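Data first, discussion second: the structure below is written as structure tokens.
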Amino acid sequence: MNYIKAGKWLTVFLTFLGILLFIDLFPKEEHDQKTKSKQKPDYRAAYHFTTPDKWKNDPQKPIYFDGKYHYFYLYNRDYPKGNGTEWRHAVSEDLVHWTDEGVAIPKYTNPDGDIWTGSVVVDKENTAGFGKNALVAIVTQPSAKDKKQEQYLWYSTDKGKSFKFYSGNPVMPNPGTDDFRDPKVIWDDQDNKWVMVMAEGSKIGFYESDNLKDWHYTSGFFPEQAGMVECPDLYMMRASDGTNKWVLGASANGKPWGKPNTYAYWTGSFDGKEFKADQTEAQWLDYGFDWYGGVTFEDSKSTDPLEKRYALAWMNNWDYANNTPTMKNGFNGTDSVIRELRLKEQDGTYSLVSQPIEALEQLTVSTDEIEDQDVNGSKTLSITGDTYQLDTDLSWSELKNAGVRLRESEDQKRHIDVGIFAEGGYAYVNRAATNQPDKSNTYVESKAPYDVNKRKVHLKILVDKTTIEVFVGDGKTVFSNEVFPKPEDKGITLYSDGGTASFKNITVKHFDSIHE
């Protein structure tokens with residue numbers, strides 16, 4: 001009897017204790033759900049470079065110095081309420097992970113306005129007189145007197161941590177034109193001198209100097225169907241057939257002629273004073289809406305620096321630069337992934353081809369390999385994600401349209417489409433069915449010609465929280481676009497219209513974040 005009574009009392013006690021625990025846990029669970037629902041969505045890209053806060057736009061050409069890549073970019077600490085840019089500094093050993101070094105050239109420290117785009121070089125032979133291996137930057141600033149665009153020299157003797165204003169500024173006064181900016185400086189090994197290209201409205205000016213201080217005009221290049229040019233670029237590359245070619249590039253506006261508003265380039269010859277293009281019509285490094293202010297730079301670790309180069313750009317567009325939910329996370333400014341460039345010869349034409357740098361592969365945390373799929377209609381994959389690289393070989397016999405829907409919602413109403421419109425003869429990226437920055441809906445489908453008679457294509461697609469970059473085939477055609485899907489939209493669907501499409505070698509590499 002005593003044992004039975006004790007057992008009953010124990011049962012009652014445990015039941016009462018369980019009720020108390022349930023009452024205590026239920027409100028906590030409800031509170032956790034409410035707290036979770038109030039958390040801000042994370043719109044910071046996982047593996048793309050982003051400004052720590054506020055605003056960034058134009059990249060400056062990175063340099064390799066003292067075992068690291070040094071990257072400067074335009075930064076506005078007062079955004080969105082105040083104007084004016086300055087140069088912020090970051091360093092990297094692998095071009096994937098970056099360490100912020102803070103502001104290197106602050107704005108408004110002299111009467112000549114804020115700091116705009118320019119370029120920085122390592123003065124290995126002390127041609128400017130600031131010391132061997134001094135970093136010398138030439139940047140555009142609006143003059144104190146009449147706000148005209150002029151070129152000013154700053155120099156650093158502490159490995160780019162800070163820069164001093166040269167007392168002899170400006171080194172290039174305005175010659176009497178409205179547009180006179182974005183100087184890009186390179187060393188010409190053939191003639192042992194510095195060469196500069198300058199954006200001058202619809203013209204690219206060429207200049208030379210022995211000491212980075214005294215500059216002389218040598219010639220001008222007038223692009224066709226490129227509109228106003230900015231951020232010019234000049235470099236030599238060795239093509240796939242062994243030919244050395246000079247490449248002249250610039251951010252350009254081809255929209256009035258149905259062309260991109262990204263990075264235009266011309267291959268040709270350069271004699272140290274004048275550039276002559278192989279053909280007058282520009283080629284384009286990117287067909288998306290958001291690859292602007294692009295810069296290229298040397299692979300300084302390579303034994304053959306002419307074989308390949310690197311490139312990156314600001315992923316935004318001046319037509320809608322401030323339309324971004326990333327401000328919920330306190331910033332507006334994302335770069336493209338760094339890509340590897342090679343110069344390919346085909347049928348007598350030389351073209352740049354791009355692929356993401358291999359160093360991105362180190363971010364892979366898991367890989368999904370999906371069996372080959374024949375699709376007539378649509379097929380949703382079981383895997384999901386918002387930070388990954390997807391590769392597939394797409395082929396067909398007869399069809400109108402085929403591709404991949406990315407960042408798809410559960411009800412399949414929201415998505416981004418990447419594919420080949422065989423009936424129209426072009427590749428495309430369409431962001432109309434997801435959140436995206438262009439509120440006018442003018443820039444929703446980016447497209448580029450594609451030879452559909454091949455009846456096959458390899459697609460390499462980089463997906464991040466706010467970006468999508470598509471490398472078509474060998475990478476001669478690339479699309480870079482901003483997108484702002486809801487964080488929960490992570491589906492992937494294969495589709496075809498008007499016939500059967502075959503998707504083979506489907507691989508999805510899920511990437512880790514570069515942020516701590």
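Here the Cβ of each residue, glycine as well, is placed from N, Cα and C on the backbone.
Taken verbatim from Swiss-Prot:
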type	residues	note
ACT_SITE	ASP58	active site
BINDING	TRP55, LYS56, ASN57, ASP58, TRP116, THR117, ARG181, ASP182, GLU230, TRP318	substrate binding site
TOPO_DOM	1-5	topological domain 'Cytoplasmic'
TOPO_DOM	27-516	topological domain 'Extracellular'
TRANSMEM	6-26	transmembrane segment
Quiz item: Which chain-mates of TRP116 (substrate binding site) that are at least 6 residues away have a CB under 8 A from its CB, listed by sequence?
Solution: ASP58, LEU74, THR85, VAL139, THR140, GLN141, PRO142, GLN149, ARG181, ASP182
Quiz prompt | Cβ neighbours of GLU230 (substrate binding site) where a neighbour is any other Cβ within 10 Å | solution = 19
Quiz item: CB neighbours of TRP55 (substrate binding site) within 10 A?
Solution: 21
Quiz prompt | Site diameter for substrate, Å, by largest Cα distance between TRP55, LYS56, ASN57, ASP58, TRP116, THR117, ARG181, ASP182, GLU230, TRP318 | solution = 21
Exercise. Summarise the model confidence on the topological domain 'Extracellular' (27-516) as a single mean pLDDT, whole number.
Key: 96
